């Protein structure tokens, strides 16, 4: 007696993201996203794939190219299940950049590539360049920021907190 399992799905399981994406939206918004997801998931397999996108766009009178569909699919780091769908929309709607973009922006001012920036230097940058912060805004930022006893702002940890929330004290 052979115990071969029938292969019903060839999709690999999406990587689990430690994300508080469900906390970003209220219950009615999540329900609306679920309805939108189900409308796009034409074959009802719980994932949005290239064919689902094609069928959905075709139903809207569009004729997307394969390259266009491929570019859309490549915005996700893996298969698009509902959590991934919500995460992608959450980032777009929240207006926050992806984690690596934020980290790289800080890294421009980290000449020694230590993952930290001296807090006084960062304050100067934030209050004199670009969309200038007030001193009060910098103080507010520093209140919960990962700054060591030497006054080094850990932008790698800060970026992680910004995108995923603070670690629990037990971690």
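Even glycines carry a Cβ here, placed using N, Cα and C.
Record features (Swiss-Prot):
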type	residues	note
BINDING	41, 43, 45, 52	Ca(2+) binding site
DOMAIN	28-63	domain 'EF-hand 1'
DOMAIN	97-132	domain 'EF-hand 2'
DOMAIN	133-168	domain 'EF-hand 3'
MOD_RES	18	phosphothreonine
MOD_RES	19	phosphoserine
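Long-range Cβ contacts of the domain 'EF-hand 1' (28-63) within its own chain (Cβ-Cβ under 8 Å, at least 6 residues beyond either end) map to 9, 11, 22, 69-70, 72-73, 79-82, 85-86, 89. Of all the binding-site residues given, namely 41, 45, 52, the one with the smallest number of surrounding CB atoms inside 10 A is 45. Looking only at the domain 'EF-hand 1' (28-63), the predicted model's pLDDT averages out at 91. Sequence-distant neighbours of residue 43 (Ca(2+) binding site): residues of the same chain at least 6 apart with a C-beta under 8 Å from its C-beta are 49, 51, 52. In the three-state DSSP scheme, residue 52 (Ca(2+) binding site) is classed as helix. Broken down by DSSP into helix, strand and coil, the domain 'EF-hand 2' (97-132) contains 19 helix, 3 strand, 14 coil.
Surrounding the centroid of the Cβ atoms of 41, 43, 45, 52, where the record places Ca(2+), the chain contributes additional residues within 8 Å, namely 40, 42, 44, 46, 47, 48, 49, 51.
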